[in-house]
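Straight from TrEMBL, the features:
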ACT_SITE  CYS349  active site, phosphocysteine intermediate
BINDING   ASN288, ILE289, CYS349, SER350, ASP351, GLY352, TRP353, ASP354, ARG355  substrate binding site
DOMAIN    140-512  domain 'Myotubularin phosphatase'
DOMAIN    319-365  domain 'Tyrosine specific protein phosphatases'
Amino acid sequence: MGKKCSEKNSIFGDCIQTVFLCLFPDKDIIYICPFSGALKGKVFITNYRLYFKSSDADSAVMLNVPLGVICRVEKMGGASSRGENSYGLDITCKDMRNLRFALKQEGHSRRDIFEILFRYAFPVSHGLVSHLMHCISLSNPQVHSDDCHYLFQGLPNDKWRISFINKSYELCDTYPTVLAVPYKATEEDLRKVATFRSRGRIPVLSWIHRENQAVIARCSQPLVGMSGKRNKDDERYLDLVREANGTSKLIIYDARPNVNAVANKATGGGYEGDEYQNAELIFLDIHNIHVMRESLKKLKDIVYPNVEESHWLSSLESTHWLEHIKLVLSGAIQVADKVSSGNSVVVHCSDGWDRTAQLTSLAMLMLDSHYRTLRGFQVLLEKEWISFGHKFASRIGHGDKNHADQDRSPIFVQFIDCVWQMTKQFPTAFEFNERLLLTILDHLYSCRFGTFLYNCESARDQHEVRLKTVSLWSLVNSSNDIYLNPFYTPESGRVLYPVASMRHLELWVSYYIRWNPRIRQQVGLHVGVHNVMHASTLSRLANLAKDSPKKCV
């Protein structure tokens, strides 16, 4: 076994209980830096991170990579490879960078590093699920509970009630235990509707306008199928949503392109037809998870390791990334505008956990200044993304070696990008700053906190995530000064309508191109506390390694 240690006391200064796996003092390891060239140095690996420090004083380079960030580890070259630095390891990361290490070919020198990285970067694939959870010595305050959030919105009232029908996840295993539903809908009504909605994800309230009582409700697609099935209970239920604030017409926003929604009929899904009286269906033309994955892949190709400067605008346009950002923002603006004018809306995509979460949370951010505060934004993420079952484990691939899994997609990254676009257009409207958004995305991958682990609340309960880990918000709220926007001006009644046109959208350079040192100097970016290492780290690790075997798997 490796030597167990608290990294706060002995190594990195960030409170993680780790197992020191290995130090390779006898290996000449060369980091092939795309910006500084080949750099000789030392590699250290714990069950949480990979750390490299160059030995060249004139060109000091440090890498601090949580193993959760690693997407793929491949062997580079073979025993007969020729050419300088042609033998080693290629590491693909989820955070827009790649790493390449070269070693000597004699004696299978890369085997130890490869085996340890492959085992501990992908613990789920090796039956080591518990290694996803890193015990941290911080307090674990609860920033969100469903019933408290509904109380904050003035619920229950004479139109909406709180239901505990899902307390054991029997109605829907990807929904939270507490749901806000129309007052006139019985528990039996909810069960009947669940049979006609994909994954049992019935329409439930996300947000209610305090003045006009219009609501944002979310759900999944109806199970219409090729035969055009109807469900009178589902039709009546949506009419109850409409009746709750007396609006003449319920607006149903289907996030998908029309052609995709029609195609979904072939697999048993579909959309609301003319049989839904007093309702209007609008398609928002936002593409699916596969399109978004390929778009970000194209973006990475043009920004890492080098920015394609000669044809930058056409290269960026060819990725379609900002075009997708535009469509998501535009859809959320439509939702917010309808609710602000007194119309209740229902939002869904296919299963209601990807594009739906983007649209509801962005619309809530536009409509309600509470969610633009530091604490309010935490509540928004906990409620609309975590409680309502965005599939973080599947979309990110936490601890899973299957890098080509078709379920992976940067849906949450895209949402955070949309938030960043709003902060750029309304620089005084948000209490939090860019550093918070960067920290959230760093820990989306790191697995240091339990916040983004697993796909839904039922899975987190099953694996006792709240008992075995702490929340990311423990870190944020313990030092919230560094996440505050000094230009913030509270405006409680203001609705934000960002301009969703290509002329007003920007590439988030300080996230997507932050690993390029030249770009980092230009934007003055502080990459974050995780990359600011103590000067004594190397010697402490060396001392620790004296009592540890070289290979401790």
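Cβ atoms are placed via backbone N, Cα and C, with glycine included.
Positions of the features from TrEMBL, shown on the structure.
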{"residue": "ASN288", "record": "substrate binding site", "Cβ contacts under 8 Å, 6 or more apart": "ARG256, ASN260, SER350"}
{"residue": "CYS349", "record": "active site, phosphocysteine intermediate", "Cβ contacts under 8 Å, 6 or more apart": "SER220, GLN221, ASP254, ALA255, ARG256, ILE286, ARG355, THR356"}
{"residue": "ASP351", "record": "substrate binding site", "Cβ contacts under 8 Å, 6 or more apart": "SER198, ARG199, ARG201, SER220, GLN221"}
{"residue": "TRP353", "record": "substrate binding site", "Cβ contacts under 8 Å, 6 or more apart": "THR174, ARG201, SER220, PHE388, GLY389, HIS390, LYS391"}
Neighbouring C-beta atoms (10 Å sphere around the C-beta of ARG355 (substrate binding site)): 29
Largest CA-to-CA spread of substrate binders ASN288, ILE289, CYS349, SER350, ASP351, GLY352, TRP353, ASP354, ARG355, angstrom: 12
Shell list (substrate; ref centroid = CB of ASN288, ILE289, CYS349, SER350, ASP351, GLY352, TRP353, ASP354, ARG355; cutoff 8 A): ALA255, THR356, ILE411
Within the predicted model, mean pLDDT of the domain 'Myotubularin phosphatase' (140-512): 96
Residue distribution over DSSP helix, strand and coil in the domain 'Tyrosine specific protein phosphatases' (319-365): 32 helix, 4 strand, 11 coil
